[in-house]
Amino acid sequence: MSISLKVLFPKQSLIRHFVTNNWKGDAGKYEKIFAPGKVSKERTVPERIPKPQYYYGNMPPGSTLGTPEIKNTDQIKAMRLSGQLAAKILQECGSLAIVGKSTDEIDAYAHELIIKSNAYPSPLRYAGFPKSICTSINNVACHGIPDDRQLIDGDIINIDVTVYLNGYHGDCSETFLVGNVDEKGRYLVEATRSCLDMCISLCGPGVSFNKIGQFIQQYCEEKKLESIVAFIGHGIGSYFHGPPEIYHYHNTIGGKMRPGMTFTIEPILTLGESDVALLEDGWTAISLDGARSAQFEHTILITDTGAEILTKVHT
């Protein structure tokens, strides 16, 4: 689950843009999201489940500024467990990305699996988020709230799963194809998947954080895509969001990777322009030009020799 970097456009600007824009960035066949659907009531979490502090009272998102934490052996073991659980839940949810299934049903399924695993669904109540996962369809860039909208043939949907297990968060997401997705949509999804894989391959001790954003910008230029720059990757551990900040565009911000650091990389690439706005729910970020976007995310650990993907399913 990414964190917002920039102030987004107000709803009034969004409405004006919908009236005048000709959607020229993405001429594919898909249904655009203009408004949130009906959101069901909050799902319960049993008392036996350990909960993060923000469950008990409204708190702002965690700060991503400061010095990244270097985790010890015990912390890394805990991060591996939370990451593996998040990855498994995500793959289970992906099996429900089918025509006729509502995103609320996917959320209910994820919530049940997480609770059965004696874990907590990290997004729930984080800065007021009302659901257990994020589901972002077509022109929704990220932070879509699961609701009663049923998936239809040709949708692409990003499912973002974060779990809190034994005091540590594991965070990952993937964009899934629903039914028969058009050529542009398939191209976007595969290009974004490859982008994340290549970003991870760059990581290792002594590597500058800004190499990630520099690569993404070059990659987007080659693939004729844009990176949605308003959202960034982040440090993660006993906290949901913390330093370092991982920018998904060209930058010269300092800082180098060191063994023991854990953080997410989560580029959002679009067929259109990078500007986004929030719907009235205060969370759902949609593209101003109506173009589709795709996102993939992993939590990684910097090791002595490179990077380990903590949210990769081990078969």
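Placement of Cβ uses the backbone N, Cα and C atoms for every residue, glycine included.
Pulled from TrEMBL, these are the features on record:
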- H143, H241: substrate binding site (BINDING)
- D160, D171, E297: divalent metal cation 1 binding site (BINDING)
- D171, H234, E266, E297: divalent metal cation 2 binding site (BINDING)
- 78-304: domain 'Peptidase M24' (DOMAIN)
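Here the features listed in TrEMBL are placed on the structure.
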residue : record                               : Cβ contacts under 8 Å, 6 or more apart
H143    : substrate binding site               : M1, S2, F129, C134, S136, D160, W283, T284, A285
D171    : divalent metal cation 1 binding site : M1, A86, S122, D160, V161, T162, I236, F240, T264, E297, T299, T311
E266    : divalent metal cation 2 binding site : S2, S173, L196, F231, G233, I246, H248, Q295, F296, E297, H298
Among H234, H241, all listed as binding-site residues, which has the most CB atoms within 10 Å of its CB? H234
Take the mean position of the Cβ atoms of D160, D171, E297, the recorded divalent metal cation 1 site. Which other residues of that chain put their Cβ within 8 Å of it? M1, S2, A86, C134, V161, T162, C172, S173, T264, E266, H298, T299, T311
Distance between H234 (divalent metal cation 2 binding site) and H241 (substrate binding site) at the Cα atoms, whole Å? 6
Same-chain shell around divalent metal cation 2 excluding D171, H234, E266, E297, C-beta within 8 angstroms of the CB centroid, reads M1, S2, D160, C172, S173, G233, I236, F263, T264, I265, H298, T299
Between 0 and 100, where does the mean pLDDT of the domain 'Peptidase M24' (78-304) sit? 97
Around the Cβ of E297 (divalent metal cation 1 binding site), other Cβ atoms found within 10 Å total 26
